Ligand SMILES: Cc1cc2nc3c(=O)[nH]c(=O)nc-3n(C[C@H](O)[C@H](O)[C@H](O)COP(=O)(O)OP(=O)(O)OC[C@H]3O[C@@H](n4cnc5c(N)ncnc54)[C@H](O)[C@@H]3O)c2cc1C
Ligand SMILES: NC(=O)c1ccc[n+]([C@@H]2O[C@H](COP(=O)([O-])OP(=O)(O)OC[C@H]3O[C@@H](n4cnc5c(N)ncnc54)[C@H](O)[C@@H]3O)[C@@H](O)[C@H]2O)c1
């Protein structure tokens, strides 16, 4: 006899949890199926532990920028304390508090592998092999996330490289680190382990520049900072061969023929969807692909109207906060509200939590032009306001606003500088709220704060 819920969510990462919780808040009954730890990658092996590894280095750099405070830093980062704090922020890889939250929210949870076995029907199989069948009166929501994609490089699997899971949960600092893939994962973890003592740290990426989807200055400024602290960045190439030597060291051959050696190799070359062994064929979908969704998060290629997908598994903005936004939209749609995930296209915020941080929301100049928008951009040095001077010496960086010149609203913003991520939400509000420049002009930034960058940018625009 199947147990029956309005909504059955497969995958209990941050996104699945939010979909189930919001469904209950909307007056529906919901069940969540998770085969590993409720909380998913973000909680245990991605966002939280990586930020915990970065924070001590960032805090020390902040203090070192400030005369009077810098003299108080006489030692080096305490690795054991950093890893201890990391373990704490990763909830010691224990999901009991997440389970408590589900219970408080009245979400039923099942530990096991979820698989669709027919229209609105899902089977959960636990580790012992016992099976329970769940029936979804209204919808099945797939929130099974993503896993690391490993490129086909000779010797790579046998060399047992680090993936993001190992690189965020390691119990000791590697003597040296080679990072393949220089995007958010690779750059954050390269800097984290460098500042914790790995030396040398080398980053290899096939692109000709860092962060190519952002304005040029973002990758350039970040690259300069990382290079200055001893991270060797090799762009425009990859590895052709990898081996782990008898002494445990990694040997890697670049496509230029040069051989690099490191204690560990981190592979951070992107993600692929977790859609295998999920029974997607029951809804007419192919396994192994991202699940295409519309702005109501309904799986557009699925037969019927009962299958939804949210989070990384959709391939749309692989970011926790965007997945959670999709989850809220999805649960509202299932609950009968008319709504759409339009922010997914126009106002996606993202922060690379390196030092300096790279924070961007909305469209770049190039993307805005592609959308036929008549664009004007304005820029200002991040550190050229009194708020930066009070924070310390030598604060560098850049800010940029992308403005729709016809509608006189901001459509994109990028900030590069220490702590730039905290500047971002003002831009997200301006973009999502379509606040006219004439109105923004009256949003006065307090003195002396870094937010005065907004005033300078608007002055450059001519206000
Ligand atoms: C190193 C790193 C750092 C990151 N830092 C950030 C950051 O700072 N900010 C940010 O916004 N994003 C960050 N991200 C991205 C973020 O981690 C993901 O976008 C987010 O985890 C996606 O959440 P999700 O719930 O969709 O998927 P996941 O977190 O992958 O969760 C999916 C869950 O589904 C479960 N599951 C899969 N298949 C089944 C099945 N058949 N049955 C039952 N359960 C199943 C899995 O066990 C998993 O728990 C980072 C990513 C990495 C790799
Ligand atoms: N702070 C954050 O919000 C944060 C942090 C980490 C990850 N994430 C998200 O997680 C997702 C995955 O991030 P990611 O950095 O792991 O992957 P990614 O797909 O963003 O970047 C992968 C990088 O690897 C490079 N690459 C791929 N194959 C290669 C090869 N064979 N040789 C050399 N280089 C190669 C690519 O050029 C690219 O720069 C992204 O959506 C990202 O935004 C977010």
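Placed from the backbone N, Cα and C atoms, the Cβ positions cover glycine too.
These figures come from a predicted structure and were not determined experimentally.
Marked as domain 'FAD/NAD(P)-binding' by TrEMBL: 5-321.
The disulfide bond feature in TrEMBL is assigned to 42-47. Within the same chain, residues at least six positions away from residue 47 (disulfide bond) with a Cβ under 8 Å of its Cβ are 41, 320.
Look at TrEMBL and you will find 51, 114, 144, 145, 146, 312 tagged as FAD binding site. The Cβ of residue 145 (FAD binding site) has 25 other Cβ atoms within 10 Å, all protein chains considered.
Reduced to three states, the DSSP call for residue 187 (NAD(+) binding site) is helix. Taken from TrEMBL, the feature NAD(+) binding site applies to 181, 182, 183, 184, 185, 186, 187, 188, 270.
Per TrEMBL, the feature domain 'Pyridine nucleotide-disulphide oxidoreductase dimerisation' maps to 348-454. Confidence over the domain 'Pyridine nucleotide-disulphide oxidoreductase dimerisation' (348-454), given as mean pLDDT on the 0 to 100 scale, stands at 97.
Our reading of the FAD binding annotation (51, 114, 144, 145, 146, 312) yields a largest Cα to Cα distance of 30 angstrom. Spatially, by CA atoms, the recorded positions 42, 114, 144, 145, 312 include one closest to residue 187 (NAD(+) binding site), and that is 42. Residue pair residue 146 (FAD binding site) / residue 270 (NAD(+) binding site) shows a Cα separation of 10 Å. Cα of residue 144 (FAD binding site) to Cα of residue 270 (NAD(+) binding site): a span of 16 Å. In the three-state DSSP classification, residue 47 (disulfide bond) falls within a helix. Taking the centre of the Cβ atoms of 181, 182, 183, 184, 185, 186, 187, 188, 270 as the NAD(+) site, the nearby residues of that chain (Cβ within 8 Å, site residues left out) are 179, 189, 205, 268.
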